[in-house]
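What follows is a short report on a single structure.
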Amino acid sequence: PETEGMFVVHSVVRKHSYTYIFLYIITNVCSVEETPDPIPTTIKGTIPTWIKGSFLRNGPGKFEFGEESYTHWFDGMALMHRFHIQEGNVTYSSRFLRSDSYVSNSEKNRIVVSEFGTLAMPDPCKNIFARFFSRFQVPKATDNANVNFVKYKGDYYVSTETNFMRRVDPRSLETKEKVDWSQYIAVNSATAHPHYGRDGSTYNMGNSYGRSGFFYHILRVPPRDEPADATADSPDLSGARIVCSIRAPESRKPSYYHSFAMSENYVVFIEQPIKMDLLKFMLYKIQGKSFHRIMSWQPQYGTVFHLVNRHTGESDVKYRAAAMFTLHQINAFEENGFLVMDMCCGDNGEIIGDFTLENLRRGSGDIDKFYNSLCRNLPRRYVLPLNVDRQAPLDENLVTLHHCKATAKMIKPGEVYMTHEELHDAELLQYGGLEFPQINYEEYNGRPYRFFYSCGFGHVFADSLLKMDVHTKELKVWRHPGLYPSEPVFVASPNAAEEDDGVVLSVIVTPRKEKSTFLLVLDAKTFTELGRAEVPVDIPCGTHGVFSNTC
């Protein structure tokens with residue numbers, strides 16, 4: 001039966017789900033061809049004519065060069081996708097990012113640049129002494145920007161988690177200049193998940209390491225200076241500055257971070273107990289280990305939330321919580337003297353190194369065991385009191401928001417310990433937890449909100465789309481056996497009067513049928529299908545994307 005766009009999976013169908021997921025994984029860890037020239041799609045149902053723009057997505061698309069293959073899903077070469085939507089029609093195109101990594105690997109017909117989970121081995125054509133000494137060279141950071149599309153000063157870039165980005169043309173998907181963050185500001189990296197201020201500025205996080213220690217940095221890139229550089233066709237991060245620097249407690253064991261939270265006036269950096277061993281980082285090439293091997297889950301450190309005023313850079317209270325793991329935040333907003341922060345969390349950070357291609361290519365029985373070994377990420381709410389009275393009684397709950405069950409208690413002057421509220425009920429567990437959260441970002445980022453959209457993970461990869469009401473914790477679900485969605489992206493309708501007036505876009509992979517991937521369009525309010533655009537080529541599972549109404 002079908003209810004509210006949800007397809008109920010009966011036990012008979014469930015017996016076949018492992019076969020579907022196995023086919024899906026095999027499909028998505030294999031290389032595909034690019035489609036540089038836009039091709040038409042077949043429309044089923046109706047694509048609203050008011051949708052005008054491009055749905056841009058990024059992700060791994062090539063997993064081997066010559067006889068050498070990558071060992072981790074994160075390592076595949078970046079493949080950029082564009083669904084151009086206009087007057088109810090959709091065209092599709094894709095291009096591999098011509099990164100230095102992609103070009104070098106292609107020229108040598110082997111893997112010559114190390115990635116997150118794959119170590120590039122010395123050139124076998126070199127003599128034994130050259131191969132030996134090449135292991136002592138400092139590994140060059142990759143520019144294989146396969147995580148996200150981001151914007152700085154109106155320009156589009158594709159990004160990963162190193163100090164390199166690539167500017168791209170969002171219409172043709174052509175690769176443009178390589179951009180090194182360190183040429184603009186003293187950092188060694190930046191995340192692929194910036195936040196955007198309402199003044200056109202962009203905030204991000206990076207880090208640096210030197211004799212004085214390891215520092216996490218909150219960065220700000222100012223808006224485009226109109227009209228001085230409006231016509232300039234070159235990358236521009238000029239004016240970038242460090243808003244605040246946070247010293248890691250142990251300079252040799254900093255925390256891994258993938259993103260951060262931002263409200264109207266604050267940035268929150270989550271220092272989680274996934275630790276990177278910098279000594280191992282220096283030695284990992286000598287030891288023949290890939291980058292993800294230097295990270296380890298160390299729950300004894302707990303979690304620290306660093307609250308930073310993004311206007312003044314001030315940060316003077318430590319907020320602590322039990323050990324947890326997070327990749328993506330949902331939203332953060334200020335209310336009556338508190339900062340309310342919602343995010344997807346798990347209780348075991350070892351998952352980040354588990355998505356090796358060896359694990360993903362297991363047989364259908366073993367892949368089920370692998371899935372059951374993974375922790376489930378679930379939505380949680382933390383509440384940070386903005387004005388902490390250092391004379392307040394210890395162990396008294398400082399949270400006075402009547403609708404929040406989360407707590408915050410001062411355990412010593414300047415230090416607050418928090419417990420979270422679960423933002424879900426038992427129904428969500430039927431869908432295995434969730435990830436890749438998205439909101440009506442343009443209107444509600446950093447503000448009180450009600451709805452978010454995400455992928456449900458009933459198996460190793462997403463197998464449902466979810467709409468969550470954070471006020472009632474009610475779910476709306478789109479699910480169909482054998483169909484596997486990607487991160488949902490919200491697009492507001494013209495003159496939208498309510499938060500969920502619009503559509504949700506997601507790319508759906510169909511492993512049982514070749515060359516039949518489709519762009520799904522859901523009514524965001526009812527979460528029922530409006531239409532789909534079927535693409536006559538294979539599209540692998542991606543990571544993140546954006547909708548642009550300007551290209």
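Glycine is treated like the rest: Cβ placed from N, Cα and C.
What TrEMBL says about a protein is an automatic prediction, not a curated fact.
Some features that TrEMBL has for this protein:
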- His193, His258, His328, His544: Fe cation binding site (BINDING)
Non-site residues, in chain order, whose CB comes within 8 A of the mean position of the CB atoms of His193, His258, His328, His544 at Fe cation: Val147, Asn148, Thr191, Ala192, Ser259, Leu327
Entry from the binding-site residues list His193, His328, His544 having the most other CB atoms no farther than 10 A: His544
Chain-internal residues, separated by at least six, CB under 8 A from His258 (Fe cation binding site): Glu161, Thr191, Ala192, His193, Thr326, Leu327, His328
